[in-house]
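What TrEMBL says about this protein:
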- 1-21: signal peptide (SIGNAL)
- 76-94: transmembrane segment (TRANSMEM)
- 115-139: transmembrane segment (TRANSMEM)
- 159-180: transmembrane segment (TRANSMEM)
């Protein structure tokens, strides 16, 4: 029971991390800007668009006109997050076919272990490529916030909700991949082998 439960936990954590990673990619709240002159408006910036949240008019968003016009951290973050989503999806497909509870390929245990190993490694890659851009944007935000060359009257960007979702996504993906890879090192005792061993021991007792 121990091994299938670890595999199931690893898949569930990885699936949760992948969903959160996709959500982080398309959320426009990577950076928040609250204007002191107009507290009814909150500006947000994501990887694909910038939005303004008004208390009366709701949210209005506009896509970025050019990829090259973005700051370097947002350009690289967009590429890394898309790669994270793709590798996470591939990891789910590979590790899903390597689960012990799946009867397909039941006699090919070595291939199932390889699928679990590749799936776990892809989850690690997906988790790292999700944490790196989120941490990079957070680092650049902190640097800009405490930049002494910028006058105090200029509004400063702050952390958005998407950064925290991205950190959680990376943690879940890395944890899920680690659980799957741990099950590869464990050995599973099949009921048929236990029954055979018990029958063989009973025969020996009868001969005695």
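Numbering starts at 1 and runs along the chain as displayed.
Cβ atoms are placed via backbone N, Cα and C, with glycine included.
Keep in mind it's a predicted model, so treat the numbers as computed, not measured.
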Point to revise | Chain residues in Cβ proximity to the transmembrane segment (115-139) (below 8 Å; excluding those fewer than six residues from its ends, i.e. six or more beyond) | key: 7, 10, 14, 17-18, 21, 24, 30-31, 73-74, 76-78, 80-81, 83-85, 87-88, 90-99, 159, 162-163, 166-167, 169-174, 176-178, 180-181, 183-184
Point to revise | Beyond the flanks of the signal peptide (1-21) by at least 6 residues, Cβ under 8 Å | key: 81, 84-85, 88-89, 91-92, 95-96, 99-101, 116, 119-120, 123, 126-127, 130, 165-166, 168-180, 182-183, 186, 188
Point to revise | Distal contacts, the transmembrane segment (76-94) - CB-CB under 8 A, six or more residues away | key: 11, 14-15, 17-18, 21-22, 24-25, 30, 47-48, 67, 70, 115-116, 118-123, 125-127, 129-130, 132-134, 136-137, 166, 173, 177
